[in-house]
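As annotated by Swiss-Prot, GTP binding site applies to GLN11, GLU69, SER138, GLY142, THR143, GLY144, ASN204, ASN226. Annotation source Swiss-Prot lists Mg(2+) binding site at GLU69, citing similarity to another entry. The region 'Disordered' feature in Swiss-Prot is assigned to 426-458. The compositional bias 'Acidic residues' feature in Swiss-Prot is assigned to 431-440.
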Amino acid sequence: MREIVHIQAGQCGNQIGAKFWEVISEEHGIDSSGAYIGTSDLQLDRAEVYYNEGSGGRYVPRAVLVDLEPGVLDTIKAGPHGGLYRPDNFVAGQSGAGNNWAKGHYTEGAELVDSVLDVVRREAEGCDCLQGFQVTHSLGGGTGSGMGTLLVSKIREEFPDRMMCTYSVMPSPKVSDTVVEPYNCTLSVHQLVENADAVFCIDNEALYNICYNTLKKPEPAYPDLNKLVSGVMSGITSSLRFPGQLNSDLRKLAVNLVPFPRLHFFMIGYAPLSADGVTAYRAKTVADLTKQMFDPKNMMADCDPRNGRYLTASAYFRGKVSTKEVEEQMDAIQTKNSGQFIDWIPNAIKASVCDVAPTGETMSAAFIGNSTAIQDIFKRVGSHFSAMFKRKAFLHWYTGEGMDEMEFTEAESNMNDLVSELQQYEAATVEGEEEEDEYAEGGVVNGDQSYDEPYQAA
């Protein structure tokens, strides 16, 4: 089977990861000790994508739990689902990264990384046909960002032909946990641009807004936010774990969503989202789900897709859904909102359908969009970064761990390049391409004009 090895790093990554395992264990009918208590054969049909069947029929998650301090991992071990995981798969340091990317990437994290890779290797060897890895982490702290990206690059080195997807929690515009978030995030993005195949951008503020405005929770807490994220994670992988009419896997996902290798930062959404008690009053049709799925208020990253254009998008429907209806809706949304889609990629929306709905729903949909509006996040982080870096504020914490200022400059320019690439593709049009060809034929263009990038129409 096409297995996925899951790695969670740092406090945020472990909390999101733990919630994800709760959600999919429930879907597969696996209780907190790993025993199967489900009711349908479909639940076990492809459970081995995420679970290893141990002795005595126990299902053990293919999960590696990593942190540089033992606190969060101890909480997970002692929690109601602690018995689910393989005890050897917990790898904890003692010192913590103290929100310092350099500690996670170069000093403390580097000491621990070999023992983590041993566990990852063992999990990978236990797979028949490993499809790839998924990592949950945040980019604002020390362990998730520093050590998380170190793991991503080491795994990429060792398994160059396997997919690498990350669920990365971006720093929020208004809710900031630490002052050095812009540094940690920029250094991480610099790594993810090079070493990941797909990065799903999540941010706490957007999640707060969804909980507060859509789910009508007056005081959203982290478990509420993590539940939202795990809903999308479960939706994206549903067609790998259950039979469906239009299947998908991590590689298909990347092939359909990434038009240029560096542009693999996606925004994600989920439908249906409705407040408790209102669910019964809402009609659920494919049209409703599509409408909610493409609603900017539904995006789990704080950037408005209306400010940019979609290069590509993917929709994952679950439940008793007609494939024909799904394709009609996808076609309709592109025709109706043609201004929001790039005109030089026709049929930009890929759909997949899985027959098994999530627990407690009749149908649901997860959404992934590759939109040029994601540059808002990078611009915001970049401006905070340059404000601090200009004055060399807080730099001594990083240089003290052996980092060089050059690395900061490189990371900053890599992120700025990413923003300008996104802007360039947003402005490019089909006419621009044709114009370029005419110029080329007429031999008017200077020798140094490059044709790699789309020519921008005047």
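Cβ atoms here come from the backbone N, Cα and C positions, even for glycine.
Recorded features from Swiss-Prot, shown on the structure.
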{"residue": "GLN11", "record": "GTP binding site", "Cβ within 10 Å": "24"}
{"residue": "GLU69", "record": "GTP binding site", "Cβ within 10 Å": "19"}
{"residue": "SER138", "record": "GTP binding site", "Cβ within 10 Å": "30"}
{"residue": "GLY142", "record": "GTP binding site", "Cβ within 10 Å": "29"}
{"residue": "THR143", "record": "GTP binding site", "Cβ within 10 Å": "34"}
{"residue": "GLY144", "record": "GTP binding site", "Cβ within 10 Å": "33"}
{"residue": "ASN204", "record": "GTP binding site", "Cβ within 10 Å": "25"}
{"residue": "ASN226", "record": "GTP binding site", "Cβ within 10 Å": "21"}
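For the GTP site, whose binding residues are given in the record as GLN11, GLU69, SER138, GLY142, THR143, GLY144, ASN204, ASN226, the maximum C-alpha distance rounds to 23 Å. Under DSSP, ASN226 (GTP binding site) is assigned to a helix (H, G or I) in the three-state scheme. Look at GLU69 (GTP binding site): DSSP puts it in coil. Secondary structure at THR143 (GTP binding site), taken from DSSP and collapsed to helix, strand or coil, is helix.
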